[in-house]
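Notes follow once the structure below has been shown.
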Amino acid sequence: MKLAIAALLCASAAAFAPAPSTKASTSLQVSEIELGVTEPLGVYDPLGWLESEPEAFERRRAVERKHGRVAMAAVVGTIVHNNHIVFDGYLSPSANLKFSDVPTGIDGIRAIPTAGLAQIVAFFALVELAWMPASKYDGDYGVGYFGTDIKDPEEKARKLNVELNNGRAAMMGIMGNMVAEVLTGQTMYEQYAAGHISPFGDGQGVF
């Protein structure tokens, strides 16, 4: 098991090694390519998509941006719910199900009635197809940055880079949290309450 974990860590480290710098003949602006580049890695393009499929770069960046935004919301929601901060009242009056009855962690989704899950999926579809369509590659949905429009291009680029990097961290964070919960059988709150953070859930010390 330890050998497998060590091999996995080595593979992960290799995946984040700097990609060779290549000049792709694309119609994309250099600023668009540089947005999201994190030093010292440079342009992370291990599969060479910038050269082989330059027309798909914008779409992939848009997907990364949107996934990052969803993951950031998921991390915040996980932390809030694991601390038992919930809405008052009923999630489903007909099923006599209160928001406080929904368990924390992955099991929470199993407590939501089918009709509730259908409403969530319908809302996602509305957002994806109408309000914030995936085809809008720049990620600007007309709501501004906390309600304000950033005019300074340097400040805007910096904030967009911060968003992309925070989104990347959130994607790793929410996936790590879910994997840890499946492995340990404990939610984030239960691990903290037990006084240990361990991928094996034995409660015998700090990992």
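Sequential numbering from 1, following the chain as shown.
Cβ coordinates come from backbone N, Cα and C, glycine included.
Nobody curates TrEMBL annotations by hand; they come from automatic prediction.
What TrEMBL records for 1-24 is signal peptide.
What TrEMBL lists as chlorophyll a binding site is GLU64, HIS67, GLU163, ASN166. Sequence-distant neighbours of GLU64 (chlorophyll a binding site): residues of the same chain at least 6 apart with a C-beta under 8 Å from its C-beta are GLY36, LEU164, GLY167, ARG168.
Residues or ranges marked as chlorophyll b 1 binding site by TrEMBL: ARG69, GLU128. Non-local contacts of GLU128 (chlorophyll b 1 binding site) by the CB criterion (under 8 A, 6+ apart in sequence, same chain) comprise ALA134.
Per TrEMBL, chlorophyll b 4 binding site is recorded for ARG168.
You'll find the Cα of ARG69 (chlorophyll b 1 binding site) roughly 8 Å from the Cα of GLU163 (chlorophyll a binding site). Around ASN166 (chlorophyll a binding site), the same-chain residues at least 6 positions away in sequence with a Cβ under 8 Å from its Cβ are GLY68, MET72.
For GLU163 (chlorophyll a binding site), the count of additional Cβ atoms within 10 Å of its Cβ stands at 18 [all protein chains shown]. The chlorophyll a site, placed at the center of the C-beta atoms of GLU64, HIS67, GLU163, ASN166, has further neighbours from the same chain whose C-beta lies within 8 angstroms: ARG65, LYS66, GLY68, ARG69, ALA71, MET72, LEU164, ASN165, GLY167, ARG168, ALA170, MET171.
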